Amino acid sequence: WKIRPMRPQHNSPSSAKQRQKYRRIKMIITRNSSINLCFSSDFILCFLIVFLSVSSRVTVTLQPNWSAIYRGETITVKCEIQGGGDTGWTYEWRTTSSNNPPSHSEYTISRVTESHRGDYWCRGRRDYYLTEWSRVMRLTVSSDSRVLPAGGSVTLTCSVNPSSGWKYYWHRENKLSEPLNTHDAVSQTTGKTSVSQEGLYWCRGGRGDPVYYTQFSHSVRIDTIEKPRPVLTVSPSWLSPGASVTLKCEVELPSAGWRFYWYKAVPDGSQRSYRYELLPGSSRGTEQDSYIVRGQTHTAGYVCKAGRGDPVIYTETSELKFVWSGGEFVVSLVFFLSRSKCSVIT
């Protein structure tokens with residue numbers, strides 16, 4: 001905003017009217033236009049307020065940008081102003097959720113819940129500059145993740161509130177089937193059961209003698225997926241000693257949310273197999289799906305894998321890929337000689 005005093009024009013109200021107690025406000029608001037404010041008692045004082053709307057593009061982003069966000073996960077919502085610099089801005093948020101965003105550019109929700117569902121949009125203000133509102137970003141929070149990697153398990157919980165004394169019974173595929181936890185007293189008492197098979201699950205509570213049963217819960221379907229195997233590419237595959245090589249680890253869809261782990265193949269004592277050592281900086285995984293090995297002087301082999309979730313579920317390990325150097329081989333070629341043939345093991 002800019003405020004600039006203005007002198008009254010010659011055709012201003014007469015002196016008799018000036019003595020009248022009145023207040024007149026004239027407001028004309030358009031983009032990049034002005035607002036005239038006139039106040040008068042025994043005199044006239046006019047202000048011209050210049051409103052400037054800058055054309056910097058504003059976007060709301062979600063990190064991590066996963067296709068599905070589940071209850072209990074940690075996310076960050078950011079308001080980004082492109083072409084407007086990084087400092088001096090205050091931020092205005094609007095949302096249809098029950099959450100109240102702060103006035104700065106980003107905020108982190110450590111345990112997201114269904115109450116955070118909704119549309120989010122923002123704009124920035126600096127001095128007398130005001131950006132347009134961003135486009136709407138819609139946040140969808142799912143109650144539970146229901147897709148398991150092969151070999152994984154998930155804990156299902158059944159409860160009847162607010163009363164006590166219940167025992168809980170889980171059924172899979174058929175409500176008339178024998179309960180899964182008939183012989184598990186702990187599961188019956190807590191209502192929790194760990195499952196690893198895909199299928200449709202229901203639960204219900206029962207108490208008293210004779211037993212009074214509740215109605216069955218809504219069903220939960222558990223699906224399993226095979227662990228993906230990432231594809232590792234190396235570039236270049238032949239290089240001069242001391243040059244850098246770029247490793248790239250690609251995972252098939254769904255591809256969002258992975259962290260990547262990088263390993264170097266080191267021959268074991270027998271020279272017939274390898275053990276794998278983590279490369280520097282990848283013990284907790286990298287967000288980027290590429291990794292640069294600098295100053296490689298010898299031929300070396302590499303593998304990668306990816307992981308995500310809490311606890312972390314890992315993919316399979318990629319195939320071993322070699323980067324060949326013109327220098328001395330560290331991964332040696334071992335010749336096993338016999339009377340009839342010569343075999344090479346790398």
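Every residue, even glycine, has its Cβ placed from backbone N, Cα and C.
Annotated features, as they stand in TrEMBL:
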type   : residues : note
DOMAIN : 56-142   : domain 'Ig-like'
DOMAIN : 151-204  : domain 'Ig-like'
DOMAIN : 228-321  : domain 'Ig-like'
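When averaged over the domain 'Ig-like' (56-142), pLDDT in the model lands at 83.
Secondary structure of the domain 'Ig-like' (56-142) per DSSP, as helix, strand and coil residue counts: 3 helix, 44 strand, 40 coil.
The DSSP breakdown of the domain 'Ig-like' (228-321) into helical (H, G, I), extended (E, B) and coil residues amounts to 0 helix, 49 strand, 45 coil.
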